[in-house]
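Structure, as structure tokens:
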Amino acid sequence: MVMIMRICIQPVGDVNDEILKFLKKKFGEVFGMCEILPKIDIPIYAYNFSRGQFNSTLILKSLPTVEDIVLGVTEVDIYADNLNFVFGEAELFGKRALISLARLRPEFYGLPPNKDVLKIRALKEAIHEIGHVLGLIHCENKRCVMSFSNSIIDVDLKDWRYCKKCLKKLQDRGIYISI
């Protein structure tokens, strides 16, 4: 049984259209329905000049609140309080999540651009953050998509799917997804 839920992808600033379309396709397969909303501007007040990064919590709070889950996708480098950077942030049991593509890009680490690598990394972090919205916390299974990623190596090591334990937690809440 698959629960049909709608995920709205919210571009925050200019975001690579190919990545947005890839996420839309995969979310449709996993969650049931997905749409891409019109782009919104990056809130300038979220920029921290001394760090040269944007505060993820401020961007997250700027996302629209709708009945559906909203996943913000941005190209800017983000951080959260007490952390040098984050790949994303979400409201636990909320409606909003955010990912940044900045540190998911191979070129951030001095490597050649690779769209396929970027797509799978974006998918992993997006499904991870949506997991938080659905009530999942970090998983100890390093292969589970809900594993905490402290570096890009951690992102690359984990799968894009929830482990059996995390799937069971979702099912216990009446959430059935196709993954």
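Every residue gets a Cβ built from N, Cα and C, even glycine.
Annotated in Swiss-Prot:
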type	residues	note
BINDING	HIS128, HIS132, HIS138	Zn(2+) 1 binding site
ACT_SITE	GLU129	active site, proton acceptor
BINDING	CYS139, CYS144, CYS163, CYS166	Zn(2+) 2 binding site
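Where Swiss-Prot records a feature, it is marked here on the structure.
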{"residue": "HIS128", "record": "Zn(2+) 1 binding site", "CB count, 10 Å": "27"}
{"residue": "GLU129", "record": "active site, proton acceptor", "CB count, 10 Å": "26"}
{"residue": "HIS132", "record": "Zn(2+) 1 binding site", "CB count, 10 Å": "19"}
{"residue": "HIS138", "record": "Zn(2+) 1 binding site", "CB count, 10 Å": "14"}
{"residue": "CYS139", "record": "Zn(2+) 2 binding site", "CB count, 10 Å": "20"}
{"residue": "CYS144", "record": "Zn(2+) 2 binding site", "CB count, 10 Å": "21"}
{"residue": "CYS163", "record": "Zn(2+) 2 binding site", "CB count, 10 Å": "19"}
{"residue": "CYS166", "record": "Zn(2+) 2 binding site", "CB count, 10 Å": "22"}
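Excluding CYS139, CYS144, CYS163, CYS166 themselves, the residues of that chain whose CB lies within 8 A of the CB mean position for the Zn(2+) 2 site are, in sequence, LEU136, ASN141, ARG143, VAL145, MET146, SER147, TYR162, LYS164, LYS165, LEU167.
CYS166 (Zn(2+) 2 binding site) sits 11 Å from HIS132 (Zn(2+) 1 binding site), taking the CA atoms of both as reference points. Secondary structure at CYS163 (Zn(2+) 2 binding site), taken from DSSP and collapsed to helix, strand or coil, is coil.
Note: the CA-CA distance between HIS132 (Zn(2+) 1 binding site) and CYS139 (Zn(2+) 2 binding site) rounds to 11 Å. Recorded residues the residue listed as 'active site, proton acceptor' and CYS163 (Zn(2+) 2 binding site) have their alpha carbons 15 Å apart, per Cα-Cα distance.
A Cα-Cα distance of 9 Å separates CYS144 (Zn(2+) 2 binding site) from HIS138 (Zn(2+) 1 binding site).
In the three-state DSSP assignment, the secondary structure recorded for the residue listed as 'active site, proton acceptor' is helix. Apart from HIS128, HIS132, HIS138, the Zn(2+) 1 site neighbourhood in this chain, defined by C-beta within 8 angstroms of the site C-beta centre, holds ALA90, GLU129, GLY131, LEU136, ILE137, CYS139, VAL145, MET146, PHE148. The distance from the Cα of HIS138 (Zn(2+) 1 binding site) to the Cα of CYS163 (Zn(2+) 2 binding site) comes to 11 Å.
When the Cα atoms are compared, HIS128 (Zn(2+) 1 binding site) and CYS139 (Zn(2+) 2 binding site) turn out to be 10 Å apart.
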